[in-house]
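Over in TrEMBL, the protein carries these features:
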type	residues	note
TRANSMEM	88-111	transmembrane segment
TRANSMEM	123-141	transmembrane segment
TRANSMEM	161-186	transmembrane segment
TRANSMEM	207-229	transmembrane segment
Amino acid sequence: MAPCASPSALALSSSTRVSLPQTLALRQRPEARVPRAPSALLRPSTARSWLGPLPPKLAAAYPRAGARGTGRGPPPFRPRALMTTSQIASAAFTWGTVAVLPFYTLMVVAPNASITKRTVESSAPYVALGLLYAYLLYLSWTPDTLRAMFASKYWLPELPGIVRMFASEMTVASAWIHLLAVDLFAARQVYHDGLKNKIETRHSVSLCLLFCPVGILCHVATKVLAGAVGRSH
């Protein structure tokens, strides 16, 4: 016959059966840890996709993900251009026009004055306009410039290509400086021819400023009429 267990032993064994699973469950339960965000979420380059664009200072301090280089951001200060392309074209257009006006004014207002003759003989305006034109041509030049100028199979300019080329403000400004230089030179030739043959040239010189071919035509007509009147007398 099996011996009977005492009440105290039964209580001890029952408490052991209860506490043992609880102890194992406590050991197997993971520690309560604060969830850590993935490192990719902490990178400014990844945060752009779900936080939107970063402020300019932070975007400059942290390069984009996958960018090659040493990993350093751009320098905090970058030199900026003093003038934009549009501002350069506008300034060249304005100052080029203003620069030639005194020469036309002298040839029209005081054609026989000594100061006019000395001023018109100077080559300074042509040198200045030539340098300005070369600079604007350099800024407006692109790999497609020659292709636009000589678009036909016979290497001749075509109107659609010229129209596309003159869509740029810099190209228009360079063409304007080109016209100013050529028109002033033609006006000087008309002025000198008028002094030599004692012909009125004020109207022809004035037309050369904006309508140079018309001014030259007007001077030729004036010269023919003056010669006919001289022969009649």
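Every residue, even glycine, has its Cβ placed from backbone N, Cα and C.
TrEMBL labels come from automatic prediction, so no person has curated them.
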Closest-packing stretch to the transmembrane segment (88-111), where packing means Cβ pairs under 8 Å, from 123-141, 161-186, 207-229: 161-186
Long-range neighbours of the transmembrane segment (123-141), counting only residues six or more past its ends (CB under 8 A): 85, 88-89, 92, 96, 99-100, 103, 168, 170-171, 173-174, 177-178, 180-181, 184-185
